[in-house]
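Q: Annotations for this protein, taken from TrEMBL, read as follows:
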DOMAIN    28-251  domain 'RNase H type-2'
BINDING   Asp34, Glu35, Asp142  divalent metal cation binding site
Amino acid sequence: MDLSELDKDNTGRCRLSSPVPAVCRKEPCVLGVDEAGRGPVLGPMVYAICYCPQSRLADLEALKVADSKTLSENERERLFSKMEEDRDFVGWALDVLSPNLISTSMLGRVKYNLNSLSHDTASGLIQYALDQGVNVTQVFVDTVGLPETYQERLQQRFPDVTVTVKAKADALYPVVSAASICAKVARDQAVKSWQFVEKVQDLDTDYGSGYPNDPKTKAWLRKHVEPVFGFPQFVRFSWRTAQAILEKEAEGVMWEDSAAEEQEGSRKITSYFQSEGLQARPPHRYFQERGLESATAL
């Protein structure tokens, strides 16, 4: 799988897709949705869709696709290669959601929880397939949250498509199993070849499983936390495991109470950029390396 677009910028969202088979524009198609990497504290979450004509569903089943969690890494890569060989009737697309995007969404002023992010990403991929001209008539989704609520939401969004949302759909429907394999292969590759935008000293690429309860993952987090700037963007800093390490290993921050200032009267915003009367001190190396200077006027 070519992840070169992700390598160029892994700080937000990246969408990748195969060409749409001509037959998928003409014949009624089934489409499956699944994800990989929802729980880990390290690396991206990947949502994927896979689709094929209803008339070729038996051919997809003949590939012996299965829930990606039950397959070894080599088996997943072998099956994905087979799907690529059958691109005359099988298509796929995926969204790679960076750890930075996930955490900033969850901790923003307007909260955007992981379930909502997952639902919207799945909906976006289904819409993308329709916009590309895929003749989607049936959609099967591995649930996030209550399947009945999720199914009703998707059915309202896509009234001309028959939507089925089930728990363990990746083990029930081959087209969801295929999507599961696409998502897992993409995430595995992304984690292995992750391009760190930070200059991390003595970088250890043995992350463990990436899950919060893995001792090796916890040790990696403790090793690579920066006392002032926190974790590299490879880390989902909104996860409780990461927050606990930040609280213990990083420098504390004292936020001044604004009540006293409000009693004395409001200050002009430009006063925060003036250096008169303050003792000069060298800026942190982060600002020096980037040539950043304090603004004295707006």
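Note that Cβ sites are derived from N, Cα and C of the backbone, with glycine treated the same way.
Given the structure is predicted, the values throughout are model-derived calculations rather than measurements.
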Q: Count the other Cβ atoms sitting within 10 Å of the Cβ of Asp34 (divalent metal cation binding site), across every protein chain shown.
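A: Total other Cβ atoms inside 10 Å, all chains included: 28.
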Q: What are the non-local neighbours of Asp142 (divalent metal cation binding site), defined as same-chain residues 6+ apart in sequence with CB under 8 A from its CB?
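A: Listed in sequence order: Val33, Asp34, Glu35, Val165, Lys166, Ala167, Lys168, Ala169, Asp170, Val176, Ser180.
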Q: Averaged across the domain 'RNase H type-2' (28-251), what pLDDT does the model get? Just tell me the whole number, please.
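A: Mean pLDDT across the domain 'RNase H type-2' (28-251) comes out at 93.
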Q: Inside 10 Å of the Cβ of Glu35 (divalent metal cation binding site), count up the other Cβ atoms and send me the figure.
A: 24
